[in-house]
Amino acid sequence: MEQQNLTVLKEFILMGITDRPELQAPFFGMFLVIYAVSVVGNLGLIILTKVDSRLQTPMYFFLMHLAFTDLGYSTAVGPKMLVNFLVDQHTISYNWCATQLTFFNMFITSEIFLLSAMAYDRYVAICNPLLYTVIMSQRLCQLLVAIPYLFSVIFSLVITIKIFVLSFCGYNVIRHFYCDSLSLVPLLCSDTHEIKLLILIFSAFTLVSSLLIVLGSYMLILAAILRMHSAEGRHKAFSTCGSHLTVVVLYYGTLFFIYVQPKSKNSSDTDKMASLFYTLVIPMLNPMIYSLRNKMVKNALTRTLNMCANILLKIHCKIC
């Protein structure tokens with residue numbers, strides 16, 4: 001058993017999305033496009049909020065960090081998944097598996113709490129518009145971002161260390177397309193009661209606390225909207241939180257679908273599809289949701305592109 005464990009510790013085998021060879025190339029092309037759009041969209045959103053002075057507000061400060069976490073956890077999973085479509089051996093080294101698990105948990109947990117912070121931001125914007133700039137100060141915004149990052153780092157490190165200090169059995173096949181804690185735990189030979197309890201406590205605290213903040217914020221927002229007398233005011237209030245509400249419904253809806261659905265013989269494939277949606281598709285959709293319906297972002301993009309075009313034109317004129 002000791003020799004077997006030493007061999008297993010070198011690498012794991014990822015089952016991937018499908019074992020059908022004829023689907024490898026189409027899936028590679030499709031997910032390459034999705035990942036590329038996600039990277040361009042989120043990176044573009046981060047750059048826009050940094051370079052455009054009109055986007056230096058609390059809402060876009062949170063949006064920049066949301067784009068950063070989207071980019072983070074999709075990059076933790078996407079490139080390795082794409083490589084596995086092109087090779088015969090879907091292996092991942094022991095160290096890289098631990099690294100992937102750490103960064104994925106860190107970014108996904110940060111995003112959940114960032115959505116809560118954004119819900120609170122929308123609550124203040126709608127329910128206390130005159131005091132918005134006072135309440136949502138730079139210090140508070142930084143605190144609302146720093147706390148999720150700190151908690152997510154602690155959570156991801158604790159889970160990863162607890163899993164990888166234990167002994168793995170000879171069976172090293174991970175029934176997923178990335179290293180996920182719930183897929184790694186069944187491969188352990190040691191007593192898994194403690195690690196399962198830790199995952200349950202951390203996950204329950206993260207989901208329940210963040211969801212309570214989101215639901216509480218939107219209940220207060222709805223109450224404030226119902227008290228408004230003008231149709232124009234209600235429409236403006238709904239448009240203010242419409243993009244965030246769409247993202248929240250997509251994100252939490254996918255997570256609840258994964259954890260609440262009844263388990264069956266096909267549940268593993270269903271979990272993979274749902275995981276694909278929130279690890280790759282949602283990070284691609286978020287920049288579109290926040291940009292296509294947002295005049296400030298579109299105007300900022302136009303100004304930035306014009307500025308870049310003018311710089312290139314000046315360089316060209318100097319060269320000529």
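Note: Cβ is positioned from N, Cα and C throughout, glycine not excepted.
No curator has checked TrEMBL annotations; they are predicted automatically.
Here TrEMBL flags 27-48 (among others) as transmembrane segment.
Summarising model confidence by region, the domain 'G-protein coupled receptors family 1 profile' (41-290) averages a pLDDT of 88. According to TrEMBL, the domain 'G-protein coupled receptors family 1 profile' annotation covers 41-290.
Counting only same-chain residues 6+ beyond the ends of the transmembrane segment (60-78), those with a CB under 8 A from a CB of the stretch are 31, 35, 38-39, 41-43, 45-46, 49-50, 100, 103-104, 106-108, 110-111, 114-115, 117-118, 121, 141, 144-145, 177-178, 279-280, 282-284, 286-287, 290, 296. According to TrEMBL, the transmembrane segment annotation covers 60-78 (among others).
Long-range contacts of the transmembrane segment (98-120) within the same chain, counting only residues at least 6 positions beyond its ends with a Cβ under 8 Å from a Cβ of the stretch, are 59, 62-63, 65-66, 69-70, 72-73, 76-77, 80, 92, 144-145, 147-149, 151-153, 155-157, 159-160, 163-164, 178-181, 184, 206-207, 209-210, 213-214, 217-218, 244, 247-248, 251, 279. Annotation source TrEMBL lists transmembrane segment at 98-120 (among others).
Remote same-chain partners of the transmembrane segment (141-174), defined as residues 6 or more beyond its termini with a Cβ less than 8 Å from a stretch Cβ, comprise 1, 4-5, 7-9, 11-15, 58, 61-62, 65, 92, 94, 97-98, 101-107, 109-110, 112-114, 117, 120, 180-181, 183-185, 187-190, 192, 194-195, 198-199, 202, 206. According to TrEMBL, the transmembrane segment annotation covers 141-174 (among others).
Sequence annotations record features per position, and here TrEMBL assigns transmembrane segment to 197-225 (among others).
The transmembrane segment annotation in TrEMBL covers 237-261 (among others). Counting same-chain residues at least six beyond the ends of the transmembrane segment (237-261), those with a Cβ under 8 angstroms from any Cβ of the stretch are 111-112, 115, 118-119, 122, 125-126, 207, 211, 214, 218, 221, 224-225, 228, 267, 270-271, 274-275, 277-278, 282, 285-286, 289-290, 293-294.
The transmembrane segment annotation in TrEMBL covers 273-292 (among others). Below 8 angstroms of C-beta separation, residues 17, 31, 34-35, 37-38, 41-42, 44-45, 63, 66-67, 70-71, 73-74, 77-78, 104, 176-178, 180, 243, 246-247, 250-251, 254-255, 257-258, 298, 301 of the same chain, each at least six residues beyond the ends of the transmembrane segment (273-292), sit close to that stretch.
Long-range contacts of the transmembrane segment (197-225) within its own chain (CB-CB distance under 8 A, at least 6 residues past either end) are made by residues 109, 112-113, 115-116, 119-120, 122-123, 126-127, 155, 158-159, 162, 181-182, 185, 234, 237-238, 241, 245, 248, 252, 255.
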